[in-house]
Amino acid sequence: MRLVLASGNAGKLAELRELLGAGFTLHAQSEFGLADAEETGASFIENAILKARHAARATGLPALGDDSGLCVDALDGAPGLYSARYAGTHGDSEANIDKLLRELDGVPDAERSARFVCVLALLRHADDPLPLIAQGIWEGRILHARQGRGGFGYDPVFFSPAHGCSAAELPADIKNRDSHRGRALAQLRAQLALRR
Ligand SMILES: O=c1nc[nH]c2c1ncn2[C@H]1C[C@H](O)[C@@H](COP(=O)(O)OP(=O)(O)OP(=O)(O)O)O1
Ligand SMILES: [Mg+2]
């Protein structure tokens, strides 16, 4: 199956290619010269659909949208939908992490609970009235400083109690198996199998 990933994020592309495996060819939207869709939705689901529809419309291919982010309890769910632009400049992970650590300055571990969320939307074509939607959640807490060099985005400050380390310290295959994105993709696969 040929699919376009409706994302400009290289970290997502690498993870989703690995997760989808050999049966799928996942094209980056940049291969088609596509700019990012406007993320105007009020929820992860809406944004995932907006992204996928934009890419399906422009390419004529089935499209996968991934809208994800980090929700921190002590910040009432922020950065949430705005995770990628938390510090102002879209996609500046270093600035986003700096701001997050500043906002949580002095907050003890017990109150630093957080979760990564990922919503995937698969549209068979731009006017698909019945997109497949899957969501995955990964529970953890925010560290006081960066740990590890793997992954992308907020991974260096996301501690996973189940693994005993940060997301950036996990081998890629373990992160993929247990992450919000890995869980969402497993659900999407199950739905695909049912639809066929
Ligand atoms: O596994 C992850 N590990 C660390 N950070 C992560 C992860 N998954 C999402 N994130 C962060 C990155 C970004 O700050 C935001 C997603 O924002 P989001 O708009 O969905 O993605 P994006 O703007 O980077 O690319 P695009 O919209 O083109 O798909 O959450
Ligand atoms: Mg985005």
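Don't overthink the numbers, they just go from 1 along the chain as shown.
Cβ coordinates come from backbone N, Cα and C, glycine included.
Per TrEMBL, the feature active site, proton acceptor maps to Asp67. Look at Asp67 (active site, proton acceptor): DSSP puts it in a strand.
What TrEMBL lists as substrate binding site is Ser7, Gly8, Asn9, Ala10, Gly11, Lys12, Ser68, Phe152, Gly153, Tyr154, Asp155, Lys175, His180, Arg181. DSSP classifies Asp155 (substrate binding site) as helix under the three-state reduction. Here Asp155 (substrate binding site) comes close to Gly148, Ser166, Ala167, Ala168, Lys175: these same-chain residues lie at least six apart in sequence, with C-beta atoms under 8 angstroms from its C-beta.
Sequence annotations record features per position, and here TrEMBL assigns Mg(2+) binding site to Glu38, Asp67.
Comparing Ser68 (substrate binding site) with Glu38 (Mg(2+) binding site), their Cα atoms are 15 Å apart once rounded. The least crowded of the binding-site residues Ser7, Asn9, Ser68, judged by other CB atoms within 10 A of its own CB, is Asn9.
Counting every protein chain shown, 23 other Cβ atoms lie within 10 Å of the Cβ of His180 (substrate binding site).
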